[in-house]
Amino acid sequence: MTENAVLQLRAERIARATRPFLARGNRVRRCQRCLLPEKLCLCSTITPAQAKSRFCLLMFDTEPMKPSNTGRLIADILPDTVAFQWSRTEPSQDLLELVQNPDYQPMVVFPASYADEQREVIFTPPAGKPPLFIMLDGTWPEARKMFRKSPYLDNLPVISVDLSRLSAYRLREAQAEGQYCTAEVAIALLDMAGDTGAAAGLGEHFTRFKTRYLAGKTQHLGSITAEQLESV
């Protein structure tokens, strides 16, 4: 199966690593594509979908390495998803060019309460050109840092998603009400943008991932050990 943008970014991160990366469950032997325990691999269930919306994942340092990351699920379902390592001072040239691409309407996905008063904030994708949803993918403190310290994104509007239901995701607990995982927000954005088929496909993929990930945690698969540690 073709590697998606997040897996490619993960491979690049591993290639420049200088020390072992010890995520939770690092002794479990995992599928190197879906990062679930091998016995719970879901790669054969992945079914890509079509959407006019496009996603750009701006990922904090080791985020692509984490089995709990859900940005990878977006790239599984929407193959034209792009992913970049975040940098405050040296952003990827490809990222800068994508943000300036006149074929899209770029916007930063983040809660409205964190935007400055002068920042344009919207709550639904605008009509017209396809939206480019820029998602800041990391822990909540990391996402806040990326939002504050990415001057090359400061001129873009912020789109804020208010999910009325409690988050279904409990792999890594949010630190405050109204904070949701990356894939969950993407599902809502796709639905609001009219990409209902892609929203349904990502929702199904997310549910399968969540179920199998939590099953792997519950089983405490300590006897299924990895042959080698990844580096960071």
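Using the three backbone atoms N, Cα and C, a Cβ is placed for every residue, glycine included.
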- request: From the ranges 101-104, 137-140, 149-152, grab the one Swiss-Prot calls motif 'DXTW'.
  value: 137-140
- line: Around the Cβ of Cys43 (Zn(2+) binding site), other Cβ atoms found within 10 Å total 12
Statement: Sequence-ordered list of residues in the chain of Cys34 (Zn(2+) binding site) that lie 6 or more positions away and have a Cβ within less than 8 Å of its Cβ, or none, is Cys41, Leu42, Cys43, Ile46, Phe209
Task: Would you mind splitting the motif 'DXTW' (137-140) into helix, strand and coil residue counts from DSSP?
output: 1 helix, 1 strand, 2 coil
